[in-house]
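Asks: Please find one structure pasted underneath; my questions will follow.
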Amino acid sequence: MAFELTDSNFKQEVLEKKGIALVDFWAEWCGPCKMIGPVVEELSKEYDGKALIAKVDVDENAELTQRYGVRNIPTILILKDGEVVDKHVGFATKEALAQKIEAQLQTA
């Protein structure tokens, strides 16, 4: 299951750790977010131990949403060693997101 990130644990779980993180900014009321949710869950199983796959509820975590300039959802950020290295707005296939993760793992 994808890890739930919040304003309070984001720094510790993402910014202060080395490695790759895929962060899905979503909301319960967002149709495309509901479509990408199962994709994110599948990725969390496939990349367990290799990359952090996590979700941020934009309605409950306004600080993170604002800090990363999230205006449309779903927004997917790929971070490497705490730095944003890729961004995708809108629905994406599992294959497309896996390619983004793999590209960062190969340069790790």
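Backbone N, Cα and C atoms are what each Cβ position is placed from, and that goes for glycine too.
Note that this is a predicted model, so its numbers are computed, not measured.
Annotations for this protein, taken from TrEMBL, read as follows:
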DOMAIN    1-106  domain 'Thioredoxin'
SITE      D24  site 'Deprotonates C-terminal active site Cys'
DISULFID  C30-C33  disulfide bond
ACT_SITE  C30  active site, nucleophile
SITE      G31  site 'Contributes to redox potential value'
SITE      P32  site 'Contributes to redox potential value'
ACT_SITE  C33  active site, nucleophile
Asks: Give me the Cα-Cα distance between C33 (disulfide bond) and D24 (site 'Deprotonates C-terminal active site Cys'), rounded to a whole Å.
Replies: 9
Asks: Please report how many Å separate the Cα atom of G31 (site 'Contributes to redox potential value') from that of D24 (site 'Deprotonates C-terminal active site Cys'), as a whole number.
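Replies: Between the alpha carbons of G31 (site 'Contributes to redox potential value') and D24 (site 'Deprotonates C-terminal active site Cys') there are 14 Å.
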Asks: Once near-sequence residues are set aside, which residues in the chain of C30 (disulfide bond), 6 or more away, have Cβ atoms under 8 Å from its Cβ?
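Replies: For C30 (disulfide bond), the qualifying residues are I73, P74.
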Asks: Any idea what the Cα distance is from D24 (site 'Deprotonates C-terminal active site Cys') over to P32 (site 'Contributes to redox potential value'), rounded to a whole Å?
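Replies: Rounded to a whole number, the Cα-Cα distance is 12 Å.
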Asks: Return the average pLDDT for the domain 'Thioredoxin' (1-106) as a whole number.
Replies: 96
Asks: With the cut-off set at 10 Å between Cβ atoms, which of these recorded positions ends up with the most neighbours? Options: D24, G31, C33.
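Replies: That would be D24, with the most Cβ atoms nearby.
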Asks: Could you find out if DSSP has P32 (site 'Contributes to redox potential value') as helix, strand or coil?
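Replies: Assignment for P32 (site 'Contributes to redox potential value') reads helix.
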Asks: Taking the Cβ of P32 (site 'Contributes to redox potential value') as the reference point, list residues of the same chain whose Cβ is under 8 angstroms away and which are at least six residues distant in sequence.
Replies: I73, P74, G90, F91
Asks: According to DSSP, collapsed to three classes, what secondary structure does D24 (site 'Deprotonates C-terminal active site Cys') have?
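Replies: The residue in question, D24 (site 'Deprotonates C-terminal active site Cys'), is strand (DSSP, three-state).
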